[in-house]
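Here is what TrEMBL says about this protein:
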- B:21-40: transmembrane segment (TRANSMEM)
- B:52-74: transmembrane segment (TRANSMEM)
- B:95-124: transmembrane segment (TRANSMEM)
- B:154-175: transmembrane segment (TRANSMEM)
- B:187-210: transmembrane segment (TRANSMEM)
- B:230-254: transmembrane segment (TRANSMEM)
- B:266-291: transmembrane segment (TRANSMEM)
- B:326-354: transmembrane segment (TRANSMEM)
- B:366-390: transmembrane segment (TRANSMEM)
- B:396-417: transmembrane segment (TRANSMEM)
- B:438-457: transmembrane segment (TRANSMEM)
- B:477-498: transmembrane segment (TRANSMEM)
Amino acid sequence: MTGISIAMMIVAMIIVWGGLIASILFLRRNPEVVGGPHEDPDLVLDDEQRAHQAHPTRDT
Amino acid sequence: MATPSNAPVATENRETWTSNTGFILAAVGSAVGLGNIWRFPGVAYESGGGAFMIPYLCALLTAGIPILFLDYAIGHRYRAAAPLAYRRIRKPAEALGWFQILLSFVIAVYYAAVIAWAMSYFVFAFDLSWGQDTLAFFVGDYLQVGDPEISTTIVPGIAIPLVITWVAVLIAIALGVAKGVEKVNVLFIPLLFVAFIGLVIRALTLPGALDGLTEFFTPDWAALGDLDVWIAAYSQIFFSLSIAFGIMVTYASFQRRKANMTSSGLVVAFANSSFELLAGIGVFATLGFMAHQQSTQVSELEGLTGPILSFVTFPAVINEMPGGTIFGVVFFASLIMAGFTSIISILLGVAASVGEKFGLGWRTSAVSVSAVCAVLSIGLFSTTSGLIALDTVDQFANNVGIVLSAIVMTVLLVWVYRRGELLRQHLNAVSTFKVGKWWIVLIGFVGPVFLVIMLVQKLVSLVSEGYEGYPGWYVGLFGWGTVVFVIVMAAILTAIPWKGRDQADFRPWPELEEEHR
């Protein structure tokens, strides 16, 4: 492999694989908003019902 | 917390950690579909390898992630499938929702064909019946590719797995086991990952592999001026992140109201690209090996076009593996499962939209949508002209349709309806990764400007040069015809009245200051 292609490979790996590691660590440290806006119990119930329907997953 | 005796705190921490890990695994798992393994390497190769990586990375950071957030924000705030979600922003915007949903309908039609190919290859893997010349086998013996025409010559080798694919999809949806099918992925995604890593490692140790990687990673500065490469990079990002075609809007509408949208979006986006990078490395290493065998250059390998690349290169590596049969069987079985859950998710996105509009139960609408899709799919893609039809429809649905959809979406929301700040506040209210004003600049300015320039260039080249040398009437029918079909159907579906099913009294949550301005 040439120097420039190795450099490009490293840049791509740092951005993409590094980005994955960084975003996982970030999500693990900050899993949920603390406090946040008030949620009506009816809305929470509505959410739970909706979660049981079949729905598209993040895919392709 | 350095107080292990403090039981409640410890328990609370552990639970948070566990549920979050589960979520991350699910997110990473679901990011993987055929788009990563089948489409990415092919698009990269067609765009000239090294020329592709820079536009691709730019596309991920400047449009992929920001527009993914936009999709999330719309679906999460307005809590409906794409057409109704857009309608809740402004009534006429419903047409955009249908435009996007119809594009995913078109994609489902041809996506099934790729699953059918994987199914055949699963069978071939048992005795490696693709032989040494995997290219000649795929195009000639298997697909029996003919001329661009409306062929009525059925190729049984494709027709049979294609019918099986659709029967399986219909059964999974009709029985309501779509969620169960997803759970199967808990097994298959790790398997796919293991088999895939095995293939990539083997590919890297083949003679000539490094030449392939050189081809993949050497930046071609001249090609950066070629807008076709940029448009291919942006559409690949849109395709594999499933953004700007309504699926992510619908998906986000099912998330809990306090779901951490942006932070998980980042994990999903990077996981998706991580897999693509890995697939690219594996496929290009194999191309280097194939060039080495034929004593030629990677860029001069003949007869390789994008859509078939993975089906030519992976069998070539499997041939070279000790225990190749096992690897082949596991790899293609996992690929089928990854594709299978993808197509179900696409169809459910379409079905949710149809169901909301016509007041159908989700199962009724899912079965009817899938049945229509199945008929079109089997009719179009099981013949000798199937590959050519697939290539043409893919080109127009993605490089024209999705790009157009992204432009209309961003311009409409940021400039016409001025919802950028509101949606930003919404994301920030529920997410831990806070989105700054830069986000509005990206989706409102950088994205649309690039996308418009690229789309215009693409349209000019398609009008003046046609596509891949196919006859004009063929490109007109399958290429432009696809775009016209989607626009006309979007207009018709928008015109049909909701009869109150749009719940006009819907109030978005949480209430934001921006709303009252």
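Quick reminder: no glycine exception, Cβ is built from N, Cα and C everywhere.
Just so you know, TrEMBL annotations never went through curation; they're auto-generated.
Here the structure is a predicted model, which means the values were calculated and not measured.
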Ask   = Should the transmembrane segment (B:438-457) and the transmembrane segment (B:477-498) be scored as in contact, given a threshold of at least 3 Cβ pairs under 8 Å and pairs 6 or more apart?
value = no
Same-chain residues at least 6 beyond the ends of the transmembrane segment (B:477-498) with a Cβ under 8 Å from one of its Cβ atoms are 83, 87, 92, 94-96, 98-99, 102-103, 106, 357, 389, 392-393, 395-397, 400-401, 404, 462, 467
Note: vs the transmembrane segment (B:396-417), the recorded stretch with the largest number of Cβ pairs under 8 Å from B:95-124, B:154-175, B:266-291 is B:95-124
Practice problem: Decide whether the stretches the transmembrane segment (B:95-124) and the transmembrane segment (B:366-390) have at least 3 CB pairs under 8 angstroms, with pairs required to be 6 or more apart in sequence. | Solution: yes
Contact count check, CB pairs under 8 angstroms to the transmembrane segment (B:230-254), set B:52-74, B:154-175, B:266-291, B:326-354; argmax is B:52-74
Q. So are the transmembrane segment (B:326-354) and the transmembrane segment (B:366-390) touching or not, going by 3+ C-beta pairs under 8 A with a sequence gap of 6 or more?
A. yes
Item checked: Contact call for the transmembrane segment (B:154-175) and the transmembrane segment (B:266-291): at least 3 Cβ pairs under 8 Å, seq gap 6+ -> no
- At an 8 Å Cβ cut-off, counting only pairs 6 or more apart in sequence, do the transmembrane segment (B:52-74) and the transmembrane segment (B:366-390) clear the bar of 3 or more pairs? no
Per the Cβ filter (under 8 Å) with a sequence gap of at least 6 from its ends, the transmembrane segment (B:366-390) is approached by 105, 108-110, 112-114, 116, 139, 143-155, 158-159, 162-163, 166, 169-170, 173-174, 178, 307-308, 347-348, 350-351, 354-355, 360, 470, 474, 478
